[in-house]
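K.L.:
Sharing the feature lines straight out of Swiss-Prot:
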ACT_SITE  Cys86  active site, nucleophile
ACT_SITE  His195  active site
ACT_SITE  Glu197  active site
DOMAIN    2-226  domain 'Glutamine amidotransferase type-1'
Amino acid sequence: MKFAVIQFPGSNCDLDMLHAIRDSLGEEAEYIWHAETSLAGFDAVLLPGGFSYGDYLRTGAIAKFSSIMPEVLRFAEMGKPVLGVCNGFQILTEIGLLPGALIRNNNLHFICKTVPLRVANASTMFTELYEEGEIIQVPVAHGEGNYYCDDETLLKLKENNQIVFTYDSVNPNGSRADIAGIVNERGNVLGMMPHPERAVEEIIGGTDGLRLFESVVKAWKEEQVNA
């Protein structure tokens with residue numbers, strides 16, 4: 001399986017993502033610069049964390065207009081896996097692949113620590129190797145990770161089982177309904193604020209994030225067999 005790691009000016013978690021895929025997962029991964037216009041030959045797209053375009057205007061607002069984004073939209077429309085982590089999640093809301101928005105943390109401070117997450121939906125292509133309700137430990141590192149949506153959107157997310165991860169015990173940023181990660185209605189686009197790529201090795205704190213990437217590979221292999 002081959003992953004595309006999209007790089008924007010200001011991305012700073014792209015190396016972590018590449019390392020997680022190549023060295024921990026054992027799959028292929030390549031950087032794709034934001035000015036490129038093709039994702040031919042790739043099976044999954046990863047939008048890493050960081051501060052794309054310096055977070056000017058607002059997080060993800062300028063990245064929305066990058067040359068690669070129409071291809072990311074087309075990729076998602078084809079049903080292929082798209083994962084946005086932290087700034088990547090913010091970008092996914094800006095381009096309309098996911099509902100809602102990410103706003104300033106309610107304490108107005110940058111948060112960097114490992115937090116407990118509850119797996120709220122273990123039936124997606126990103127979570128099938130987790131148990132429903134399982135508590136995992138994954139790092140967060142953000143200043144604008146407070147997920148917000150209106151009441152109608154929140155009701156729809158709940159009814160469609162689109163809430164994939166929630167903060168357990170303590171909500172670090174004020175997100176509505178403790179939301180840490182959501183998928184689109186089709187289930188092939190996941191946005192999350194915590195960093196699974198930073199939880200793939202025991203030596204640096206645990207491997208709870210690795211199963212997310214392993215789930216994607218498993219789903220992809222099953223699709224190839226059934227194609």
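Here the Cβ of each residue, glycine as well, is placed from N, Cα and C on the backbone.
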K.L.:
Looking only at Cys86, His195, Glu197, which of these active-site residues has the biggest number of Cβ atoms within 10 Å around its Cβ?
P.N.:
Glu197
K.L.:
Once the DSSP letters are reduced so that anything not helix or strand counts as coil, what is the residue listed as 'active site, nucleophile'?
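P.N.:
Coil, per DSSP.
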K.L.:
Could you give the Cα-Cα distance between His195 (active site) and the residue listed as 'active site, nucleophile', in whole Å?
P.N.:
7
K.L.:
Hey, does DSSP put Glu197 (active site) in a helix, a strand, or just coil?
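P.N.:
The three-state answer is helix.
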